[in-house]
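Structure first, then comments.
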Amino acid sequence: MSLGPYASFIVTSYLAAAIVVAILIGWIMIDYRSQTERLRELDKSGVTRRSGRSATELR
Amino acid sequence: MTLIDLANPSRFLALTARVLPWLAGATVILLAIGLYQSAFAPDDYQQGATVKIMFIHVPNAWLSMFVWGVMSVASLGTLVWRHPLADVAAKAAAPIGAAFTFLALLTGSLWGRPMWGTYWEWDARLTSVLILFLMYLGLMALWRAVEDPSRAARAAAVLTLVGAINLPIIKFSVDWWNTLHQPASVMRMGGSTLDKSFLIPLLVMAIAFTLLFVTLHLAAMRNEILRRRVRSLQMMQASRIAFSSEMGAGSREENASKEAGAA
């Protein structure tokens, strides 16, 4: 597979897409961990939901 | 499970927990197939190997408009039906749409330099997509600026619906004005002008990127629901602390008046 004289443009395009998608996935995963951690802390401090379920319960 | 059941955020969370691993798996498989087909697609007789940029540029360009379309439907859900998940869906989609629009602009620019001889041209298609990107950033800023999510949602919904005017302008800009950008070659009256050797990898990549958006969107919506749960629990905690300190102050005053009476 030869990419010809404009290989740098092609490779940069695919690399940029990979980096941006990786940042999106990483941001969403970190955000999820951060929210569940905050819910766990609230659960430990005795705050419960109106339904009586644990704060960390995903229902 | 009907659509109305999904109006309950708790049921939505249970559904995403079941669906997300399957969606992520399907996205990875389709992306792998699409990337393999893109790598071994033949060179174009005019563009040479730079045609490979199309397989990444076009799905991102489609998604930049599709995501705004999803946000517009969600905005209708906020303003008209007051669906509890509508503004969650719109807010969660904005950063993902902004990322796809950024990639469409960047890869388009990297494709334009060898083909047109310039990275950027202030023509109708490029400028209208840049405006779309700035509108995504503006919406994200609006959501961050207003603390109460329901107030922010209504303002953002109006802005999103007004911004939807830009979608047909982007789509038809290449027909209405004389632009450097090529006219539509896939979604057009009379069928696609692309050869199958380019069209099939392009469609596979477009479906893969759409699945990627659906996966990321559901995950981001789950995060947003959890963020709102954290916010409401923190407010409950704060009101309990305020109530107990008021009660404490009240009983101290009562004791003090009793002691004064006894004296």
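The backbone N, Cα and C atoms fix where each Cβ goes, glycine too.
Annotated domain 'Cytochrome c assembly protein' per TrEMBL: B:4-181, in sequence order.
The transmembrane segment feature in TrEMBL is assigned to B:12-36 (among others).
For B:61-81 (among others), the entry in TrEMBL reads transmembrane segment. Within the same chain, residues 87, 89-90, 93-94, 96-97, 100-101, 104, 108, 129, 132-133, 135-136, 139, 153-154, 156-158, 160-161, 163-164, 166-167, 170-171, 206, 209-210, 213, 217 sit at least 6 positions outside the transmembrane segment (B:61-81) and bring their C-beta atoms closer than 8 Å to a C-beta of that stretch.
Residues or ranges marked as transmembrane segment by TrEMBL: B:93-112 (among others).
Taken from TrEMBL, the feature transmembrane segment covers B:124-143 (among others).
As annotated by TrEMBL, transmembrane segment applies to B:155-178 (among others).
Beyond its flanks by at least six residues, the transmembrane segment (B:198-221) meets 12, 16, 19-20, 23-24, 26-27, 30-31, 33-35, 37-38, 41, 44, 51, 54-56, 58-60, 62-63, 66-67, 70, 85, 88-89, 92-93, 95-96, 100, 186, 192 of its own chain at Cβ-Cβ distances under 8 Å. Summarising the annotation, TrEMBL assigns transmembrane segment to B:198-221 (among others).
In the predicted model, residues of the domain 'Cytochrome c assembly protein' (B:4-181) average a pLDDT of 92.
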